[in-house]
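> TrEMBL feature annotations, pasted as is:
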| type | residues | note |
| --- | --- | --- |
| ACT_SITE | B:SER277 | active site, nucleophile |
| BINDING | B:ASP349, B:VAL351, B:ASP352 | Ca(2+) binding site |
| SIGNAL | B:1-19 | signal peptide |
Amino acid sequence: MANNISTSDKESTFLGKLVSAFFSPLTSIIIMLAFVSQYFFDWWVIALAAFTACYLQAKSSGEAFRKGAGGIAMLWLLVTLYYHIATDGILSSKIASILPLNGNAGLLIVITVLIGGLVGGFAGMSGYLVRSSLNK
Amino acid sequence: MKYSKAIVSLAFTIALCYALNRGWGTAPAFGRFLSPFTGFWVNAEKPLSDKPVQGSLQLAGLQDEVTIEYDELGIPHIFANNDHDLYLAQGYVTAKDRLWQMEFQTHYAAGRLTEIVGEKALESDKYNRRMGAVYGAEKSLAGMMEDPQSKVALEAYSEGVNAYIDQLKVRTLPVEYKLLGYQPERWTPIKSALFLKNMSFVLASGTDDLRMTNILRKYGREVAEELFPNYPFEESPIIPTGTPQDFTPLPLPKAPADFVGTGSMKASTERDKGIGSNNWAVSGSKSASGLPLLANDPHLTLSLPSIWYQMQLVGPNVNVYGATMPGTPNVISGFNKDIAWGVTNVGADIVDWYEVKFKDAKMNEYWHDGQWKKITKRPERYIMKNGEVVLDTVLFTHHGPIVYLDNEKPFKKNIPTGHALRWIAHDKSQELTTFYQLNRAKNYDDYVKALSFYAAPAQNFVFASNQDDIALWVNGKFPLKAKLQGKYILDGTDKMADWQGFIPHAHNPHVKNPARGFVSSANQSSTDPIYPYYINWEFAASERGRRINQRLEGMSKITVDSLRALQNDNYNLKAAGILDKLISLVKAPTAKQAKAIKVLQTWNKQNDVGEIAPTIFETWSNLLYESIWKDEFAYDENIPMKYPSLDKTIQLIKQEPTAKWFDNVNTKNKVETLEELASTSLTATLDSLAKWQKADMGDTWAWANYKSTDIKHLIPGLDAFSKMNVKIGGGTGIVNATTERTGPSWRMIIQLGKNNAVKGYGVIPGGQSGNPGSPHYDDMVETWRQGKLNELLFLQNKNEKSARIKKTIKLTK
């Protein structure tokens with residue numbers, strides 16, 4: 001899905017570059033891996049997913065960070081939005097009041113996605129760096 | 001170089017995951033909590049669809065197939081082929097909706113909150129355990145397990161709760177576990193016993209013995225007895241005067257020698273106003289249908305998840321509908337095709353304190369009945385959230401636990417230090433047998449038999465049957481005492497001061513089919529003073545009871561709707577009785593006072609949402625009451641006392657307007673009069689209300705604004721999971737007893753009928769689900785606020801079809 005977005009947007013210049021910086025076949029692998037494994041393991045399995053995919057596929061530490069972050073952030077954004085919209089935000093707005101976010105569910109979604117992205121990014125970068133340090 | 005980059009990056013990633021995987025203080029583990037795969041997002045539920053859904057589920061432990069049908073309010077109707085499966089399914093569906101609440105409340109009851117919230121709960125935990133909550137629950141469980149039917153119910157219920165716990169995954173944990181960062185533990189029958197014991201804590205642990213002894217020491221017995229009389233000035237007792245006595249009373253024990261305890265130089269929390277309840281039943285002679293109707297509304301602290309969980313239980317020999325308590329099997333207040341019953345609390349004197357004389361500082365022996373007797377010790381372990389352990393030892397005499405020693409600071413200020421507690425909640429009991437049998441009762445005799453097993457907390461059980469019987473038993477295990485024994489602190493060395501047995505069950509106050517055609521209770525005096533035994537010297541104020549009896553007296557052709565109107569009655573009987581007198585005391589009103597008096601004079605005495613008169617009246621009467629008694633009976637950290645009752649105060653105002661109590665003893669060379677107090681307190685009222693709203697008298701002073709009823713989540717401070725400032729009338733002493741934090745926690749009206757024609761109506765101030773992310777979390781609040789009731793879906797059997805069934809689940813073994 002993310003793959004489609006990146007290819008179809010290649011035409012436009014800035015946005016296209018930006019999107020392809022974060023999304024590529026590697027991103028799809030991360031998303032698939034994280035999506036499936038999170039049904040069986042705790043939340044931190046996203047780090048393993050990004051690590052493994054980037055260990056195998058990334059070409060630079062920068063790419064590994066961006067694709068790791070982009071993949072997990074995209075996955076978490078889609079799933080979060082699904083719950084938020086399908087449930088009329090019944091719980092997200094309440095949680096956004098308990099956390100000091102003034103009941104702003106949008107902000108809560110942004111923070112959720114940022115946290116997922118950050119973990120994905122650093123895990124992905126670690127995956128690439130570990131591989132390259134082992135290959136000589 | 002390459003290694004070091006990899007190591008730094010890896011280390012940072014691991015540290016980040018670690019930091020997001022643990023809680024920080026009160027903040028949850030953000031990684032897990034916010035993840036859309038494991039976090040709170042998963043707990044959000046979709047809006048209800050109107051399309052019925054079907055499902056099936058395998059459940060270990062079942063002996064046969066069970067069907068559960070949920071109606072549009074999320075109320076389960078359970079159909080099982082044997083008792084074991086019925087209660088297993090009850091445990092399962094209750095846990096499915098309320099697991100977190102069940103566990104939190106039983107952790108509270110067991111004095112184990114420190115394990116969830118840490119050291120800040122230690123004093124509250126210690127209080128619960130030292131009062132003997134766990135000790136009492138252990139005894140009561142032993143009693144309940146002696147009845148084979150209760151044993152099956154308790155064990156199957158536990159199996160059902162555990163079957164649900166076993167299905168849980170990190171992602172499906174109730175949201176409170178995710179927020180607080182812990183996991184449920186397995187359910188066992190002791191938890192059900194703890195829950196029932198906690199009801200004694202909520203309803204029957206109030207005690208004035210220390211305060212009364214302090215008053216006795218300061219003013220002497222004559223004043224104490226005059227200002228704290230043993231029967232109210234205005235009353236309409238639960239058992240109507242003139243009810244024939246159908247038993248030969250036992251001789252009362254000889255009163256112990258007069259004893260003036262040392263009271264306490266330490267250590268008041270008043271009993272919560274508004275914890276009480278209403279119930280009544282009217283006979284066929286007064287109803288439109290020709291058969292009885294019954295109503296019940298227990299008033300408790302309004303909280304979310306709701307205290308009650310509605311349910312229909314259908315099995316061999318049982319088809320019952322009503323309110324259940326999450327944590328215990330059976331229906332507690334409800335109906336079947338033949339009978340209906342409901343409960344209100346009896347404020348019996350079943351908490352007594354004995355001054356202990358220790359032999360020496362080692363506190364291994366105490367003096368009683370002319371000899372040194374051994375103290376027994378019970379070790380207690382408290383585990384903090386961080387795993388730290390705090391040890392404690394509770395000392396017991398034969399009476400019960402010495403809740404606090406002389407050098408300790410009580411958690412509640414009405415608890416005397418250095419005294420042993422004798423409390424009925426510590427005795428072996430079989431409450432579950434009562435509810436098991438009531439659920440299956442067919443007539444008056446079944447009901448009386450069921451009640452005979454019940455000990456505590458004592459309840460007024462109202463009853464009606466389709467054989468046109470109505471009845472009310474003031475029911476519980478009451479100690480056989482000398483009159484007033486236990487009004488004050490008792491001598492722990494005097495054997496005569498011990499409880500000398502119990503009032504036989506058949507001698508408990510009761511009434512069946514009285515000539516007036518109705519029975520009722522609202523926590524007021526159980527009987528008039530002619531009743532041969534001592535139950536208590538003080539009960540809840542009589543206004544609700546008097547108003548209900550007045551209204552029922554005047555009603556005929558009663559219907560569900562007319563009783564619903566009575567449950568929502570906002571008439572302020574206290575104001576009706578005293579307001580004109582108070583106004584007449586303000587001899588030369590100022591302009592401001594005159595304006596307020598005009599509002600009060602045109603008031604219809606209804607504590608309705610938009611009225612401003614009740615705001616003025618309630619504040620004024622409270623300030624006046626305060627100014628009369630504060631100088632003599634002020635609460636003092638060291639010598640807690642209590643004020644004479646409002647009833648006594650009204651009697652003084654009406655009959656002894658020049659009593660010395662109206663003078664403020666703190667002003668030398670000046671004698672204040674009642675007139676002066678009335679005028680100054682009215683001015684103070686208007687000033688404080690103007691200050692509160694930053695506006696002069698007007699719409700902002702509306703009663704609902706002033707009262708501001710909140711239905712709060714069990715975790716303090718979680719306003720987002722609460723319903724704040726619910727606009728509803730009523731108040732303390734009003735039939736619609738909705739106060740700031742308490743109110744009708746379940747309203748029910750049953751119209752009895754023959755051949756399955758019974759009809760039930762009910763509502764809870766919340767919803768069936770305990771999940772703040774569910775549409776059923778608070779979907780009944782608005783119905784409740786408007787004083788409306790839902791028709792209760794009472795299915796005859798599992799083959800009966802209803803358009804109201806939205807979800808069917810087949811449970812198979």
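The backbone N, Cα and C atoms fix where each Cβ goes, and this holds for glycine too.
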> Measuring Cα to Cα, how far is B:ASP352 (Ca(2+) binding site) from the residue listed as 'active site, nucleophile' in Å?
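Approximately 24 Å lies between the Cα of B:ASP352 (Ca(2+) binding site) and that of the residue listed as 'active site, nucleophile'.
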> Determine, to the nearest whole angstrom, how far the Cα atom of B:VAL351 (Ca(2+) binding site) is from the Cα atom of B:SER277 (active site, nucleophile).
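Distance (Cα to Cα, whole Å): 20 Å.
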> Other than B:ASP349, B:VAL351, B:ASP352 themselves, what residues in this chain have Cβ atoms within 8 Å of the centroid of the Ca(2+) site's Cβ atoms?
B:THR207, B:ASP209, B:ALA348, B:ILE350, B:TRP353, B:ARG422, B:TRP423, B:GLY486
> Using a Cβ-Cβ cut-off under 8 angstroms and a sequence gap of six or more, which residues of the chain neighbour B:ASP349 (Ca(2+) binding site)?
B:LYS481, B:GLY486, B:LYS487, B:TYR534, B:ILE535, B:ASN536, B:TRP537
> Find, for the listed recorded positions B:SER277, B:VAL351, B:ASP352, the residue with the lowest Cβ contact count at a 10 Å cut-off, counting only other Cβ atoms.
B:VAL351
> So, three-state DSSP: helix, strand or coil for B:ASP349 (Ca(2+) binding site)?
coil
